[in-house]
Amino acid sequence: MKFIDEALIRIEAGDGGNGCVSFRREKFIPKGGPDGGDGGDGGDVYLIADENLNTLIDYRFEKRFAAERGENGRSSDCTGRRGKDITLRVPVGTRAIDNDTKEVLGDLTKHGTKMLVAKGGYHGLGNARFKSSVNRAPRQKTNGTPGEKRDLQLELMLLADVGMLGLPNAGKSTFIRAVSAAKPKVADYPFTTLVPSLGVTRVDTSRSFVIADIPGLIEGASEGAGLGVRFLKHLERCHVLIHLVDIAPIDESDPADNIAIIEGELFQYSEKLANKPRWLVFNKIDTLSDEEATARAKNIMQRLGGEDDYYLISAATGKNVDVLCRDIMDFIEENPRQEQEKIDAQEVKFKWDDYHQEQLSEQVFTEDDQEGDDWDDWSEDDEEGVEIIYKP
């Protein structure tokens, strides 16, 4: 299945149903008072995280989703039916962004998490709501309010504990094949990896972590060169980044310069991502003797002004790979993922109960209204269905 990690869709919540103007007219009760019902609320639009999905391909062609409108009110004090909600299923790790305001509406990072992205309109009021001691036959009603409509940008960010960085052909796909059951394509030409892939590394029977492999970066990636930095967003939720470096590049390029290129592109993309814990791992030491590999790594670190804090591995032969994986597992356990801070709900400025009260209080009565035929013909007793006539 094609990997799609971005989608732009149009969502429309349902409008609220209108109120009804109606009067009770039955045998022996010719003027029984107002009985217009309220409309129904419009349907909402939700997103729900589904662990069985791993791509946004479902939203590549179908891009418009609309909830049902609320029904209008009817006579006999019948309230209109509420519009049906719609729920869109997305992969775990999806972020919802308002495309117009660029506001992040939320992240769906757990299976079954449900998020409201468009609120349906509220119902209008029927004329029965407006009856009072001075207005016994009201002809006022209110219409339902429009539902929210927005263009929604969906971005899928893979949930992994470890992310891998490096130039093309640094051995990232070979490494993930060596430590997990994932089988990304491996070849001796650049950009063999075209889409991100995930693998589960099991250190022992009870401990494991998820590792993400993304396409390699090249110089100028932040400006769109190569595959660009489009896939770097998949590393934003990782505990630690593994910077894989070919210690003996076949093109005879300088590994120190290659490290500097990746570091520079990372900082240009995101300072937050650049400040994540990052481990330097020299790969392909099987092409050199142990002494030569150690000497070359020390020379590179001295030129970069860094400490002797690095790993020497061979993903192809598996040399020192187990040690690296166990150290990664220990680091993850010592630094658990921080839960997102819960934001206290803020009091909304617009309250529908207040809105309805305002609609009722803003009604204006004129002398023409009071001189109408129905103004003084209805009494409280009519609501019981029997007209009471008092003997003089």
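The backbone N, Cα and C atoms fix where each Cβ goes, and this holds for glycine too.
Residues or ranges marked as GTP binding site by Swiss-Prot: 166-173, 191-195, 213-216, 283-286, 314-316.
Sequence annotations record features per position, and here Swiss-Prot assigns Mg(2+) binding site to SER173, THR193.
Under the heading compositional bias 'Acidic residues', Swiss-Prot lists 365-386.
Annotation comment: Swiss-Prot describes 1-159 as domain 'Obg'.
The domain 'OBG-type G' feature in Swiss-Prot is assigned to 160-333.
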#### Entry: Among LYS172, LYS284 [binding-site residues], residue with fewest other Cβ within 10 Å
LYS284
#### Entry: DSSP-derived structure type at SER173 (Mg(2+) binding site), helix or strand or else coil
helix
#### Entry: Cα distance (Å, whole number) from SER173 (Mg(2+) binding site) to SER314 (GTP binding site)
12
